[in-house]
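Take a look at the structure set out below.
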Amino acid sequence: MKTLLLTLVVVTIVCLDLGYTLTCLICPEKYCQKVHTCRDGENLCVKRFYEGKRFGKKYPRGCAATCPEAKPHEIVECCSTDKCNK
């Protein structure tokens, strides 16, 4: 009986862990509230900052599998918890 109970506990823990999906903010505005569920393999939230020539400051956000390299005059921040790219 103890073996069966232990097996059920282990299976439950494994199944709960497999079902986790990261959520990140996804919008270009400075103050963002739009939440997006990331796809499998996208384990990071990303926030970029740059100043556009025509439309001012931009703050694109989203999900990523790897942290992208910053382009010239750009700041990139990556994190791995839900909605951490504020």
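Glycine residues also receive a Cβ, built from the backbone N, Cα and C atoms like all the rest.
Taken from Swiss-Prot, the feature disulfide bond covers C24-C45 (among others), and the record attributes it to similarity to another entry. Other Cβ atoms within 10 Å of the Cβ of C45 (disulfide bond), summed over all protein chains shown, number 27.
What Swiss-Prot records for C27-C32 (among others) is disulfide bond. Taken residue by residue with DSSP, C27 (disulfide bond) is part of neither helix nor strand, so it is coil. Its own atom aside, the Cβ of C27 (disulfide bond) has 15 Cβ atoms within 10 angstroms in the protein chains shown.
Annotation source Swiss-Prot lists disulfide bond at C38-C63 (among others), citing similarity to another entry. Other Cβ atoms within 10 Å of the Cβ of C38 (disulfide bond) number 19 in total over all chains. In the three-state DSSP classification, C38 (disulfide bond) falls within coil.
Taken from Swiss-Prot, the feature disulfide bond applies to C67-C78 (among others). Taking all protein chains in view, 16 other C-beta atoms sit within 10 angstroms of the C-beta of C78 (disulfide bond).
Among the features that Swiss-Prot reports, disulfide bond is placed at C79-C84 (among others). Within the same chain, residues at least 6 positions away in sequence whose Cβ sits under 8 Å from that of C79 (disulfide bond) are L44, C45, N85.
Here Swiss-Prot flags 1-21 as signal peptide, drawing on experimental evidence.
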DSSP three-state assignment for C32 (disulfide bond): coil
Rounded Cα-Cα span from C67 (disulfide bond) to C38 (disulfide bond), Å: 14
Among C24, C32, the one of these disulfide-bonded residues whose Cβ has the fewest neighbouring Cβ atoms within 10 Å: C32
Assigned element (helix, strand, coil) containing C45 (disulfide bond), judged by DSSP: strand
